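Visitor: Dropping the structure in here first, questions after.
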Amino acid sequence: MEVASNGGMLYHEVQESKLCAVHCVNTVLQGPFFSEFDLAALASDLDHRERQMMLEGTDGGGRGGGGVSAAADGDFFSQESHNVSLDGDFSIQVLEKALQVWDLQVIPLNSQAAKPAQFDPESENAFICHLQDHWFCIRKVNGEWYNFDSLYAAPQQLSRFYLSAYLDSLKGFGWSIFIVRGNFPKECPISSAEAPSSYGQWFSPEDAERISKSCNETWDRSPRIDHTDKMVSEIEDADLKAAIAASLMDAGPSMPAAPGVSCQDGSPHKEETK
């Protein structure tokens with residue numbers, strides 16, 4: 001029998017400022033592996049490499065030939081980063097670079113390489129989801145799937161059957177989804193005192209379930225019911241319909257005061273929130 005990773009505990013980070021990319025990477029890895037400063041350093045390195053490549057292209061093509069135009073390279077060589085915004089939104093390249101440190105590969109779900117996962121997502125181990133400026137991770141831990149969205153107070157368990165329906169609903173709302181593949185860390189080698197990020201907390205599956213239920217019971221779901229019914233109208237099974245509706249209605253119980261969170265239209269979209 002396989003030993004449970006991290007003693008069977010779940011690592012979760014609750015939203016801090018606009019650091020959802022940091023929270024996403026750390027929950028994929030299941031531990032406080034990266035801070036915002038680590039990701040910023042990776043973003044700076046990527047910017048430097050990209051500018052060098054553009055410069056080489058300019059030198060090779062010349063101003064009068066097929067090289068980069070003065071207007072184009074002037075815009076690209078500006079001080080503004082192409083991998084991190086001023087408010088802390090990181091590019092997928094930064095998340096990809098961070099996970100590569102742990103020999104993990106990030107693959108777009110709509111790519112040819114991800115074809116099997118499109119039909120059988122349960123065979124994977126982790127997904128990264130992105131829309132506008134919000135990132136979160138869906139991760140299999142010790143055989144069970146959890147939504148580690150940092151807008152939740154605790155990880156939210158997803159049934160294996162619901163996983164596919166949930167990913168489809170995210171795609172329908174315009175979310176970009178990526179698979180993470182490779183050998184995930186089995187144990188977090190970083191102690192709390194050494195952790196570069198202090199936003200996380202460890203939960204037992206029982207505690208995570210209790211907190212999630214408590215949040216759901218205190219949250220007014222009524223504004224979301226009509227839209228949720230439309231989303232699952234093609235699913236005939238009444239029990240499944242109710243389960244999906246309940247899961248979609250919990251997108252934000254843990255942080256009702258978070259600025260910019262859109263909870264009125266029933267979609268999984270959180271606007272202008274990191």
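Cβ coordinates come from backbone N, Cα and C, glycine included.
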Visitor: Have a look at 55-74, 215-234, 255-274 and point to the one annotated region 'Disordered' in TrEMBL.
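Guide: Of 55-74, 215-234, 255-274, TrEMBL gives region 'Disordered' for 255-274.
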Visitor: In Å, rounded, how far does the Cα of H134 (active site) sit from the Cα of D149 (active site)?
Guide: 9
